[in-house]
Amino acid sequence: MARMTSTPNSNLMSDIPPSPATDGADTEALRTGHIRSFVHRRSHITPSQQAAIDVLMPKWSLPYKNALLNVEQTFGRPGPVILEIGFGMGETTAKIAAARPDDNFLGVEVFNAGVGALLKRIDENGLQNIRIIQHDAVEVVRDMIAPDSLAGVHVYFPDPWPKKRHHKRRLLQPPFVHLLASRIAPGGYFHCATDWENYAEQMLEVLSGEPLLQNTCTDYAPRPDYRPQTKFETRGLRLGHGVWDLIFTRKPS
Ligand SMILES: C[S@@+](CC[C@H](N)C(=O)[O-])C[C@H]1O[C@@H](n2cnc3c(N)ncnc32)[C@H](O)[C@@H]1O
């Protein structure tokens, strides 16, 4: 990824229309410019996850800033950057990063316990190629990721927001997918997976409709070897859900 010093200031997210929501989404959209795909909730954090945050955060995380990320400074080396949005407890992130030591992984997550859990895994496994940003991924992608720069994007089991009135909170909607696609380098990939059939159909429709992307398969892709089964996937399978992977690539410019 090229070293960049300017700010992209893309306004693509302002394309998200305000919605007639009644659950705080309106106020949120006015304040942030978009409807968030998460809600802040009080969640349990273990003492060891909290300790990891207290001690390891300065070493392996970087703050959200309205300025483009400098890859060499961030990872201490150049190299392909894979962005993962919503890593949850980070077990998949850690496994993939261990199996692909030459790639740099940027994990973005808002959930405290998840950030603590991934920090612990980084430390326990001696992983050098993961950095964390604890912030809304929509703002990170918009403000910190240079156009045409990412080698790949992973979005595994994003919150399905199953109720129809909450679908507006789903992460993978046309304006954000367009923004994300614009940050992927030509030839780079966009890999997402879900265990909600209706969200899989939405993903397929939205990704297929994005002019910057092309599908690597006719529709859904077989799970590639590099993606281990995630925590949410295991839960979904236990509940009898199917699993759908989608792998698209950024078209050559
Ligand atoms: C259903 S969990 C899936 C976690 C993990 N990928 C897995 O498969 O086990 C979705 C995660 O995405 C995170 N998330 C949702 N919206 C986000 C956003 N806009 N920015 C960063 N993280 C987000 C949530 O906090 C949650 O941990």
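Backbone N, Cα and C define each Cβ position, glycine as well.
Since we're looking at a predicted model, the values are computed, not measured.
Copied from TrEMBL, the annotated features are:
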type     : residues                                       : note
REGION   : 1-27                                           : region 'Disordered'
COMPBIAS : 1-13                                           : compositional bias 'Polar residues'
BINDING  : Glu84, Glu109, Asp136, Asp159                  : S-adenosyl-L-methionine binding site
BINDING  : Lys163, Asp195, Thr230, Lys231, Phe232, Glu233 : substrate binding site
Per DSSP, three-state class assigned to Glu84 (S-adenosyl-L-methionine binding site): strand
Largest separation between Cα atoms (Å) of residues that the record links to S-adenosyl-L-methionine, namely Glu84, Glu109, Asp136, Asp159: 14
Proximal but sequence-remote residues of the same chain as Lys231 (substrate binding site) (Cβ under 8 Å, at least 6 apart): Gly88, Met89, Glu91, Thr92
Binding-site residues near ligand 1 among Glu84, Glu109, Lys163, Asp195, Lys231 (Cβ under 6 Å): Glu109, Lys231
Pairwise C-alpha maximum, in angstrom, for the residues (Lys163, Asp195, Thr230, Lys231, Phe232, Glu233) that bind substrate according to the record: 23
Residue pair Asp159 (S-adenosyl-L-methionine binding site), Glu233 (substrate binding site) - Cα distance, angstrom, rounded: 12
Cα-Cα distance linking Asp136 (S-adenosyl-L-methionine binding site) and Lys163 (substrate binding site), given in Å to the nearest integer: 22
Sparsest-packed among the binding-site residues, when each Cβ's other Cβ atoms within 10 Å are tallied, from Lys163, Glu233: Lys163
Cα-to-Cα gap, Phe232 (substrate binding site) vs Glu109 (S-adenosyl-L-methionine binding site), nearest whole Å: 15
Nearest of the binding-site residues (Asp195, Thr230, Glu233) to Glu109 (S-adenosyl-L-methionine binding site) - Cα to Cα: Thr230
Rounded inter-Cα distance in Å - Glu233 (substrate binding site), Glu84 (S-adenosyl-L-methionine binding site): 16
Close in space, distant in sequence - Asp195 (substrate binding site), Cβ under 8 Å, 6 or more apart: Phe157, Pro160, Phe232, Glu233, Gly236, Leu237, His241, Gly242, Val243, Trp244
Inter-residue Cα distance where the pair is Glu84 (S-adenosyl-L-methionine binding site) and Thr230 (substrate binding site), in Å: 13
